[in-house]
């Protein structure tokens, strides 16, 4: 483990995406400077599905666009597969598939024609188009004009375009936008499947349940800054509370507070909640004081409550950066 | 790069607006040729008799026969009465018949060939503009860069395809138009000698170059402004305000007539342009106090090289700005 700008980074893995002190400023029409990304350190290890979370306007898409060479960073460094980008982007772009924001194709061309133009630009055989179309379930509709597609079909076509390269890294920005429930499920299965096959997927989303279901690790940003990063399991465990059931809750709470474990009232008179990383310590302290536990259970929080807690704190300017586990 | 060129050629071919413009580039000159052929068709004998039987026409023929020097230009060499009568009848027919005779030489310098060059050049400019304007409008430019991030190569490939297609289409259409006029003149036993055909083909070549440059210019400006509408708007504004602005600069001191874009375009296409500019003549030329001769001659000459350098510099400037901007600016 090493520490970069307050963020613990596991350097034992090969990092597929790595940014250091990444910053992006935009100049508004009024001549003011708006900072979209400020000093972002992002580390995505090889393999698995990595969630990239943040509220609207938090800098997710801007970060992705900088990684892909569509926007220039104001300062900081970026690496893809260990190669500095954008300088060496041409060397690695063949291994990166990406959907950035909404699918963007020529509306008057058919889906197939759009894909053919892209595949031919990298010298891929036309059969790759057939395979990609089949993978995303657009067979039979690929001859229709792009403008006649539903939003869900457009998303599928965009994902098909990413598959033309047979990528080792897939960057998907809100890929399930506009899909019907069956489509969402299919895309999630496809993403999960790609992750299991060794493709690293960076999934940018604000649908927290989606990230929790699909991703193995995640990074949360707010206002262009890193708020937290780690495996999903660790992120959910971090800051977790335990419900303590005892006969004398007031005495037990005083004891635990004195030992540095914050508590709060529980759902009934004989219970309370304690925030701790070490539940065994709770049992030891109470046992030594002769307060016998009637129950101790983890109160699991979901990603949504964790995310809201983090981003709300960020809005109030209370956050530092948090890193959990060794994934990122 | 070869794959990229092929892709851009395919993209151009698949773009409907481009195809429509190319069809227009063929159809409009064809229509103009048909119109020229119709409006210069020989007057039939019946029509001739009908026109010359009119009192005013018969009177004019008689006056011409009495005083041919005042009616015929150049003045008739022969004094043979029959020949003079024939020449007078032809002249009066031309005046009152309402139809001009097809003259290849006139078609090049101030006739329809120049008009066709202007039409085809404008269409090629629009082709270059709309080709890439669509990429920006649809947002597909960013998608293309996800597959080929070397922006200079993308810019160059698109520019090469647009320029080549512009040159090829314009060259073919203009050559066909000129050949059509030539064939028309030959079929009517009109004069086609004296190097006029060669001059026409030279003008065709220059016109094709101009159209290709127009396509490249339209493309470069649209890559700069990232919008077809913006490019057309800017070109329109420049064409309206630019000439006035250059003229105003001239009134502030020194002649700026030489920098008027349309004069340079004409000079380049027609090989040489003579125009009058008296703004920098000495004051004596206007007061009548001794000013005369060569120093009071306001005739100026713009050569094809002058025009070519002027247009080339504009194109180079627009291209450099466009490429620089495309390489540096964020792509939406």
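Just so you know, glycine gets a Cβ as well, placed from its N, Cα and C.
The structure displayed is predicted, hence computed values, not measured ones.
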Annotated transmembrane segment segment (source TrEMBL; candidates B:83-102, B:183-202, B:203-222): B:203-222
Transmembrane segment range according to TrEMBL, out of B:29-53, B:54-78, B:154-178: B:154-178
Transmembrane segment per TrEMBL - which of B:2-23, B:112-133: B:112-133
Selected stretch (most C-beta pairs under 8 A with the transmembrane segment (B:307-326)) from B:154-178, B:203-222, B:229-249: B:203-222
